[in-house]
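**Student:** One structure, as structure tokens, below. Some questions next.
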């Protein structure tokens, strides 16, 4: 190490040579998360990515707070304070939106840091909830050998005649209704259908399916 406390080029090369393997594994893990960690592909990697995203918020906030406390000068200190306030407000807005979505759907997917759009499909007396990246005007349903898929998500076994008449897509501010449109059976246990959006408003999902009516949402008061 140099007299002024900095490291030399040779010392930097030695550090890189010693940590090359670890750095390679870290980059490989990052590539796997970016390329394969999707909710409709690999649920295990997707959960790891969500945990990583959750941890990034407090770690980033702590970095800016420490940069403000142990500032190099007043300029960097001011920038650190401003960035800490911005990150804190962004983190707070995430929690506000997540709790509003949870109040609407009662699903733990509401705290997904990647998206605040949830697909809700009533099947066999329960509501199956999965995350969506965007809200579409039309949502397709495909049944392949008795297994239902919507928006790339596998939702379980279902026959074409047992498809729900209505599904919903929830955000922190709205609940959109989709009604079953055209459907077509293909073979004995396959088929496809389309759901068209016909209503949108400030509703919350009714998770009580004890009744037999098809209206699965109540207006938020």
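Cβ atoms are placed via backbone N, Cα and C, with glycine included.
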**Student:** Does the record from Swiss-Prot show residue 8 and residue 141 on the same side of the membrane?
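**Tutor:** Going by what Swiss-Prot records, residue 141 is on the opposite face of the membrane from residue 8.
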**Student:** By a Cβ-Cβ criterion of under 8 Å, what residues six or more beyond either terminus of the topological domain 'Intravirion' (40-49) are in contact with it?
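**Tutor:** Residues 32-33, 114, 130, 151-154 contact the topological domain 'Intravirion' (40-49) from elsewhere in the chain.
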**Student:** Taking a Cβ cut-off under 8 Å, which residues six or more beyond the ends of the transmembrane segment (79-99) line up next to it in the same chain?
**Tutor:** 57-58, 60-61, 64-65, 67-68, 71, 110-111, 113, 116, 172
